[in-house]
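Participant: Below is the structure I would like to discuss, written out as structure tokens.
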Amino acid sequence: MFEKLQDVLCYRFADVRLLETALTHSSYANERGTEIEHNERLEYLGDAVLELTVSEQLFTRFPEAREGQLTRMRARLVSKPSLAELARELKLDTYLLLGKGEESQGGRTRSSVLSDAFEAILGAIFLDGGYAAAGKTVLHVFSSRWPQGAEAARTKDAKSTLQELTQRLFKERPVYTLLGSSGPEHEKIFKVRLLLPDGRALETEGQSVKRAEQKAAGLALELLEGESA
């Protein structure tokens with residue numbers, strides 16, 4: 001029954017009953033008796049698996065991104081509308097087990113039902129095959145959804161964004177100074193000082209001068225953007 005869906009998910013269940021439970025809406029279980037499990041507990045688990053996997057991927061893919069930027073990207077990726085769109089692409093609507101009332105009220109196309117089912121499937125994969133298996137499925141189905149182009153560039157180049165902002169606010173550029181380095185040759189840590197045109201300074205460290213400068217620029221952006229908010 002679920003052969004094609006498992007192919008699409010890039011995962012074969014050892015216990016396919018977990019997948020069936022992930023696709024079972026509470027309305028279906030309620031109409032047929034308490035012995036039938038529905039997907040709400042799996043959805044709870046899958047939500048945590050999804051958030052951790054996406055957080056880990058964004059952290060790795062965008063080493064220069066500030067915490068606020070990572071949070072915004074993650075929020076867009078795991079939002080209910082985004083997950084519902086993904087569920088439709090996977091044709092989860094054709095596999096859902098719904099109660100008659102939910103079916104008649106359009107539950108098969110409802111975004112909340114679809115997004116919950118997708119998260120429940122991740123929870124089911126986690127229970128069946130572990131975190132690595134669930135993470136692999138996330139990477140597979142999200143392969144074309146990671147931030148690209150202008151959005152990715154914004155997260156990577158805090159220095160350019162800061163320069164544009166300081167030019168606009170102060171008509172001057174920030175100044176970066178290398179204060180020194182420490183540690184063994186293969187694990188050097190570089191310390192950088194950033195001086196804003198208004199006289200305020202920030203000091204940061206990084207595994208390269210570039211990373212330290214980007215980190216300083218990111219902190220300065222948060223400072224200046226917070227003041228102008």
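Note: Cβ is positioned from N, Cα and C throughout, glycine not excepted.
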Participant: Determine which of Glu40, Glu43, Glu185, Glu187 appears in Swiss-Prot for the same Mg(2+) site as Asp116, Glu119.
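Facilitator: Candidate listed by Swiss-Prot for the same site: Glu43.
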Participant: Under DSSP, the domain 'RNase III' (2-130) has how many residues in helix, strand and coil?
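Facilitator: For that range the per-state counts are 94 helix, 2 strand, 33 coil.
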Participant: State the Cα to Cα distance, in Å, between Glu119 (Mg(2+) binding site) and Asp47 (active site), rounded to an integer.
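Facilitator: With distance taken Cα to Cα, Asp47 (active site) is 5 Å from Glu119 (Mg(2+) binding site).
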Participant: Are there residues of the same chain, six or more positions away from Asp116 (Mg(2+) binding site), whose CB falls under 8 angstroms from its CB, and which are they?
Facilitator: Asn39, Glu40, Glu43
Participant: If you draw a 10 Å sphere around the Cβ of Asp47 (active site), how many other Cβ atoms fall inside it, taking every protein chain shown into account?
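Facilitator: Here the count is 19.
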Participant: Which residue counts does DSSP give the domain 'DRBM' (157-226) for helix, strand and coil?
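Facilitator: Taking each residue of the domain 'DRBM' (157-226) in turn, the totals are 34 helix, 21 strand, 15 coil.
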